[in-house]
Amino acid sequence: MSHTIVTEKCIGVAECVNACPVSCIHKGEGKNTINKDWYWIDFAACIDCSICIQVCPTKGAILDKEEPSLQRKLR
């Protein structure tokens, strides 16, 4: 199972990108609905290590489950 970044809660800090050991977190195009940069997780590459959840400053922005409907890849 993979993790999910909730697109509309992401504030674009990108601590998850730097912390991910397999580089499966990517920047999305444009801004989300709160006018912030946003990131998405490649479900196929995620190793479910939970480091992204630990470093994310926004509670609830990264879920410990795969929820494609909450995470978009492109704007």
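The chain as shown is numbered from 1 upward.
Note: Cβ is positioned from N, Cα and C throughout, glycine not excepted.
Residues annotated as domain '4Fe-4S ferredoxin-type 1' in Swiss-Prot: 2-30. Per Swiss-Prot, [3Fe-4S] cluster binding site is recorded for Cys10, Cys16, Cys56. Taken from Swiss-Prot, the feature [4Fe-4S] cluster binding site applies to Cys20, Cys46, Cys49, Cys52. The domain '4Fe-4S ferredoxin-type 2' feature in Swiss-Prot is assigned to 37-68.
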Least surrounded, by Cβ count within 10 Å, of the binding-site residues Cys10, Cys20, Cys46, Cys49 is Cys49
By Cα geometry, the one of the binding-site residues (Cys46, Cys49, Cys52) nearest Cys16 ([3Fe-4S] cluster binding site) is Cys52
Given the [3Fe-4S] cluster site Cys10, Cys16, Cys56, its other Cβ neighbours within 8 Å of the Cβ centroid, in chain order, are Ile5, Ile11, Val13, Ala14, Glu15, Ile25, Tyr39, Cys52, Val55, Pro57, Thr58, Ala61, Ile62
Whole-Å Cα distance, Cys46 ([4Fe-4S] cluster binding site) to Cys10 ([3Fe-4S] cluster binding site), is 18
Its residues classified by DSSP, the domain '4Fe-4S ferredoxin-type 1' (2-30) shows 5 helix, 5 strand, 19 coil
